[in-house]
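Working notes for the structure below.
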Amino acid sequence: MAEHLASIFGTEKDRVNCPFYFKIGACRHGDRCSRLHNRPTISPTLVLSNMYQRPDMITPGVDAQGQPIDPAKIQEHFEDFYEDIFEELSKFGEIETLNICDNLADHMIGNVYVQFKEEDQAAAALQALQGRYYSGRPIIGDFSPVTDFREATCRQYEENNCNRGGYCNFMHVKMIGRELRRKLFGRYSRRSMRGRSRSRSVSPPQYYHRRDKERERDHDRRDHRGRRGGGDRHGDRHEGERRRHGGTSRRSRSPVREGSEERRARIEQWNREREEKGQ
Ligand SMILES: [Zn+2]
Ligand SMILES: [Zn+2]
């Protein structure tokens, strides 16, 4: 019996625990859900609810005045945010995964998931974020049960064919460009390659790197959500990304991004807002 319960924990068959909360760390029923949301008291993963405010919040691709926004501008806005939050969170420890949802439903819109290497790093970050504001809104942080982002992520979205759109209940993880990924996660590559295989057992290694291997292994195998392995468009892109990873001679060809000075100024602003609110 106990074995049976363990095998169905957090699945559709589990009538007690909510499978959505367990797998994705967010459920559209929120506190009114008929099944249990077991909030972890400690976890390497934090969720910062609804933190990213997209410029096209009301209708995707369109601003508040109804004018279309250049997709490149939307991406730039997103990457500025991604870099801000990465730099801020990385003060507390090595970031394994930083995922920001592109979903539109209230319980997932703008959610930021950060998985640290260690639980105590997540705890320190959560403590430091308590009472802080970003862009004038309080940061709502919590430990998240998600440790395996492959289970939480919508593969159809990655393949550009999720027919549930923004209201899908699986994570639609917004992608950052290769340059930014290399800039942010590249700092870990050498160190983590050495330590990883022997010391890591609980939380999975950095998601995007591992996913390539998973895809190779999953080749020709489909699961219930129609995942595909092998050489799809995204897989190929990541493969190329990984090969170039660590190359130091190559200069960035992307347009000049906002300088780190401006970014630091914005982070200062976070702290000022915190003081002004008397937290
Ligand atoms: Zn639920
Ligand atoms: Zn989806």
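Glycine residues also receive a Cβ, built from the backbone N, Cα and C atoms like all the rest.
Feature annotations, courtesy of TrEMBL:
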- 12-40: zinc finger (ZN_FING)
- 12-40: domain 'C3H1-type' (DOMAIN)
- 44-146: domain 'RRM' (DOMAIN)
- 148-175: zinc finger (ZN_FING)
- 148-175: domain 'C3H1-type' (DOMAIN)
- 191-279: region 'Disordered' (REGION)
- 209-242: compositional bias 'Basic and acidic residues' (COMPBIAS)
- 243-254: compositional bias 'Basic residues' (COMPBIAS)
- 255-279: compositional bias 'Basic and acidic residues' (COMPBIAS)
Residues outside the domain 'C3H1-type' (12-40) whose C-beta sits under 8 Å from one of its C-beta atoms, at least 6 past its ends, are 47, 49, 105-108, 111, 113, 142-146, 151-152, 169-171
How do the residues of the zinc finger (12-40) split into helix, strand and coil according to DSSP?
9 helix, 2 strand, 18 coil
